There are 2 protein chains.
Amino acid sequence: MVGVRGARVTDFGRTTLPYCSFVRPGEARARVGVGVGTDVVDLTAALATRRHAYAGLFAAGSLDPLLAAGPRTWHEVRTYVAANLSALAEHQVPASGVELVLPFEVADYVDFYASEHHASNVGRLFRPDGDALTPNWKHLPIGYHGRAGTVVVSGTPIRRPSGQMRERDGTIAFGPTAKLDLEAETGFVVGAGSSLGEPVPVESFDQHVFGVCVVNDWSARDVQAWEYVPLGPFLGKSFATSVSPWVVPLAALAGARIDPPRRDPDPVAYLQDDEPWGLDLELEIAVNGTVVSRAPYSEMYWTPAQMLAHLTVNGAALRPGDLFASGTVSGPGPGQQGSLLELSWNGSRPVTLDDGSTRAFLLDGDRVTIAATARLAGGRRIALGQVEGQVTS
Amino acid sequence: MVGVRGARVTDFGRTTLPYCSFVRPGEARARVGVGVGTDVVDLTAALATRRHAYAGLFAAGSLDPLLAAGPRTWHEVRTYVAANLSALAEHQVPASGVELVLPFEVADYVDFYASEHHASNVGRLFRPDGDALTPNWKHLPIGYHGRAGTVVVSGTPIRRPSGQMRERDGTIAFGPTAKLDLEAETGFVVGAGSSLGEPVPVESFDQHVFGVCVVNDWSARDVQAWEYVPLGPFLGKSFATSVSPWVVPLAALAGARIDPPRRDPDPVAYLQDDEPWGLDLELEIAVNGTVVSRAPYSEMYWTPAQMLAHLTVNGAALRPGDLFASGTVSGPGPGQQGSLLELSWNGSRPVTLDDGSTRAFLLDGDRVTIAATARLAGGRRIALGQVEGQVTS
């Protein structure tokens, strides 16, 4: 579990209480922290000092043992922290003074494709002669496995990948991607695992998923376009996927649950949901400080509960640390798309930054920040953390 | 690391010396073993008793520490075992009396598509109106990530998965797959990892890959056909992938290296290979004891060294325990295909078993065995182990 100096901490409210893994200056070992305001409560130290029954869960400094402990323990730890915030202040340090590292070991990583607007846009760009959506799109949440070993914490430099691509004249070239892109997504972190052969029904979502993080699924569009038929994206995605250092417990998002868009046609039984797991989140995307998009998660066609039910309906087992991401979040309006591919319409309408420069795709040195917020019933907006990364050559 | 009673052990020659992880009756902890004949040498016990400098590598009973130790250690351990076989006999037990478990923790699992014959057959069946091979096929070894968490050891029962599929009349159905298939593949087990951003060139293959296993990439063809556009196979594959309990060191296959088929057109520079990494292996597939195919690995278009170079050319990092499989091994002749999809031509020409019954695809209760052998220069054939699994409802 290595990491680099992570993202700036967003100012967390006292009911959000996201978890992180962090390293104090001069120390080698990691600790588990809880975000309060712009500080981190050192939970590893606090529970050890107090000889708390759950101290052992935090001793290793990673979220892995907590994830595996299951929903009853998640609830008890969160309740304990919320009830003892004042007393725990003695273990509080400014987040800006510590190194935030990858908070859990990613077991399997799955990326979905759950935004109708994004899928339609990509379909028009990649398959201009076909239908925007493939025939299966409204029947199941399309997804594929990505590379768990290249999931990195926010702040990790992103080296521009090289790969094969087909030029306009049909020749096959090899070199650095000319179409390096971001993808703003919401990630769902599985805690409690499941047994091989046992599907997880849509209503058991919150018994298995621990929380939410912010994901940038970096993409090399020219590599992807050449390689992805017939077995899907591979090297166009596998060079790096960045995640926020904070995992926000699902419990903190109870007030942000909303009805998802109406699904038409009705999906088959295992995808039918009575409990609403739409989420009123917004992902604000900035390139070098210029906000280029505010992508509304509320528009996602498939909910994370449906994604999990689909992922396991064939009996595939879950493990603690499985991460599944929503796919690029794009809304219907201008300035709501979660990728430069869509924002610049494959480069044909470059995006203008505050310094007057334009971007079709990312240049070396560009810094991408995706900051997530949730709007709770009543309208109050809470911060969920952010993921950032700078492109290097 | 859990497992079930594993495959019967093939009779290993004294220069093959494959590794396994096994559990003695009545014990809970696993041990690392080396296969000799039909026995297992308990390397964990042997090296501990002798206070060998590498005893610590085997204490945990998994191959993970050995994999991570790198090529120099692999060589030293293999040399030590080969030189001390007689003395180690006191730690030898019949393999039939122990439980063979998953020998290493799978980090990332990638499945390639490296047989031209297989890709052509699948193209004809899945895309009858298009070209058999996609335009990219001869330019790069196509691959995709699979689910590491559902890689299981030989002998694990395979529950028939359910999923969505499109009926002939266009309606969307959900239920148990009617087209459960096997795929005979060779798996390559990564030992030494690599750094993010650093491609592994084709000539460094044997500095990173530790050894070889046999893979059955179970597939639900009806689920796969409906879901795989545009992001590739997902639930049609992710319910289970079986691997042999034995990992044969690459060093044991030195005599089986052959020139791969001629590649036309010449691939781009990073895929050009001077050292031949074609392998003269055969995968013998049996259903309920009837041999239905003998698939020649010598026919594979892309070598495993090319697969590894491709997998990392975008800077994707390797971790110890990464597993990449060749994709289905199919030869050009009759009875050389590595899947029932091809052998029965999508069910239109069912395969007849010795008991007179026929199979388009697998039925509940069917037992599939894939046994691998290598032909060394000079013609001698050595056993590489086998993977088996029985279908349950």
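Using the three backbone atoms N, Cα and C, a Cβ is placed for every residue, glycine included.
TrEMBL: automatically predicted annotations, no manual curation.
With B:Asp111, B:Glu183, B:Glu185 listed by TrEMBL as binding Ca(2+), the candidate from B:Asp64, B:Asp206, B:Asp217, B:Asp222 annotated for that site turns out to be B:Asp217.
Rounded to a whole value, the Cα-Cα separation of B:Asp217 (Ca(2+) binding site) and B:Tyr113 (substrate binding site) is 12 Å. Counted with DSSP, the domain 'Fumarylacetoacetase N-terminal' (B:17-90) comes out as 36 helix, 16 strand, 22 coil. Sequence-distant neighbours of B:Glu183 (Ca(2+) binding site) (same chain, 6+ residues apart, CB-CB distance under 8 A): B:Val215, B:Asn216, B:Asp217, B:Trp218, B:Ser219, B:Gly327, B:Thr328, B:Gly338, B:Ser339.
Of B:Tyr113, B:Glu185, B:Asp217, B:Gln224, B:Tyr228, B:Lys237, listed as binding-site residues, those near chain A by the criterion of a Cβ under 8 Å from one of its Cβ atoms are B:Tyr113, B:Tyr228. Note: the CA-CA distance between B:His118 (active site, proton acceptor) and B:Gln224 (substrate binding site) rounds to 16 Å. In space, B:Glu185 is the closest of the binding-site residues B:Arg127, B:Glu185, B:Tyr228 to B:Thr241 (Mg(2+) binding site), judged by Cα positions. A straight line from the CA of B:Glu185 (Ca(2+) binding site) to the CA of B:Lys237 (Mg(2+) binding site) spans 14 Å.
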